[in-house]
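Asker: Attaching a single structure in structure tokens format; questions to follow.
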Amino acid sequence: MDKLEGYYFSALFSGCFLLSSILFSKITRQQRDPYMDESFHIPQAQLYCQGHFNQWDPMITTLPGLYLASVGMVKPAAWLFGWSDSVACSSGMLRFINLLFSLGNLYMIYLILSKINCKNKVSSFKKILSTLTLYAFPTLYFFTFLYYTDTGSTFFVLFAYLMCLYGNHKSASLLGLCAFFFRQTNIIWIIFCAGNVISEKLTEAWKTHLKKRDENPSAKGSVSEAVKALVFLFQYCLSVRNIIMLVQLTWPYITLVLGFFVFLSFNGGIVVGDKTSHEACLNFPQLFYFLGFTLIFSFSHLFSPQKLKEFIKSVWKQPLIYMALAGISVILIWKFTYVHKYLLADNRHYTFYVWRKIFQRHELVKHLLVPGYLFAAWSFADSLKGKSIFWLLMFYSCLLAAMVPQKLLEFRYFIVPYIIFRLNIPIPSVPKILLELALYVTINVFSFYLFLHKTFQWPDNEQVQRFMW
């Protein structure tokens, strides 16, 4: 970064740390005891602080990456400052680990935006403003202040992605291992990193193939382009030489994926601990929920009167395709909608009210939303039209793998795919970014106000309950 941009970023970093620290202090004073999933995470981390690495809470479903990272940070600090274990591993100190991870996310977002847009003439102000906006992304920012796995998990995924973009694939795979230890489903985003490497090589070979045949590439994102690309991909993979070259390029990621399959065989599934509450299924509507979520949170980029006109034109030109997509969507919603028991039972989460106020209002509501899902999907794909066809095939495959097996509708599961999507669309105009930032700030203010000031109690429980994501 140049000198002026360095000043901008330093001011941003310092301002975010100061504001987040003030908010952190407020939340920690109001909610001193572990809350929600913290009641599992904090005692487990405290056991690790005491050196009891062989004790494990069977209700925890993720690997111990968060606890190991926490001990690795608080123990040296305790030794340096003379803190006791009760201070170093208190709820407040453990939550502070996530505040540090969130600042790491801020830096990773900035570096990735700079790398992806290095060939474009993007002003320093737009990059800094985009970084601030993504840092304030409500679903991620909220969990900065609680001892959950989301902030650290996102940090290691973004760090691995950054190293991948710079071609440091061994480092990316080691960081991917850290991400996997925070959340097992992050293996999908390690495959995404490998897919970045493969898509670059395939794009180069595709351009050479078209040049030799003296063909012009089809329209970006068109069905004919996708079909031709898939045929080319099949032919490309028939060559042993090509496969060997791709393996040589991606072997650090392949090693990690093979290790994942070993883990699956020994563990008997992707979830550790309470497997019964986190069973995989073909919940295809999860993809529709994610697209709707993305349309709302990126509305300044994905929705406009002009985009709506273009979508209607696209439907008018290809009515049979859209009718087929609508029919398939209705069938998927009809046959593959799953409702997790947690979604219906826990009124502390926003998803409880989304499901109750929208989807449970009438049996037909979930089908009537199909036109909105189609527009969201079209706008989502349109915003990525600058990417190569092979990058798109790779990203959409990872998105399906991340979304569809999840039975529980949980907005936290949308964090990583949303951030990766948002990083890869062109940086929009300043007014659009400001509009997005205004939305994020408004939602954050509302969320923290509810969490801090609109507490309630269950009839059979004396503990104070709070609304949260």
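Glycine is treated like the rest: Cβ placed from N, Cα and C.
Pulled these from TrEMBL:
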- 6-24: transmembrane segment (TRANSMEM)
- 65-84: transmembrane segment (TRANSMEM)
- 96-116: transmembrane segment (TRANSMEM)
- 128-149: transmembrane segment (TRANSMEM)
- 155-182: transmembrane segment (TRANSMEM)
- 253-273: transmembrane segment (TRANSMEM)
- 280-300: transmembrane segment (TRANSMEM)
- 320-343: transmembrane segment (TRANSMEM)
- 364-381: transmembrane segment (TRANSMEM)
- 387-404: transmembrane segment (TRANSMEM)
- 433-452: transmembrane segment (TRANSMEM)
Asker: Give me the stretch from 65-84, 155-182, 280-300, 320-343, 387-404 with the greatest number of Cβ pairs under 8 Å to the transmembrane segment (96-116).
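Answerer: The listed stretch sharing the most Cβ pairs with the transmembrane segment (96-116) is 155-182.
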Asker: Using a Cβ cut-off of under 8 Å, list the residues of the same chain at least 6 residues beyond the transmembrane segment (155-182) that approach it.
Answerer: 62-66, 68-69, 101-102, 104-105, 108-109, 111-112, 115-116, 149, 189-190, 192-193, 196-197, 249-250, 252-253, 255-256, 259-260, 416, 419-420
Asker: Let me check one thing: do the transmembrane segment (280-300) and the transmembrane segment (6-24) come into contact, meaning three or more Cβ pairs under 8 Å with sequence separation of at least 6?
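Answerer: Not in contact, no.
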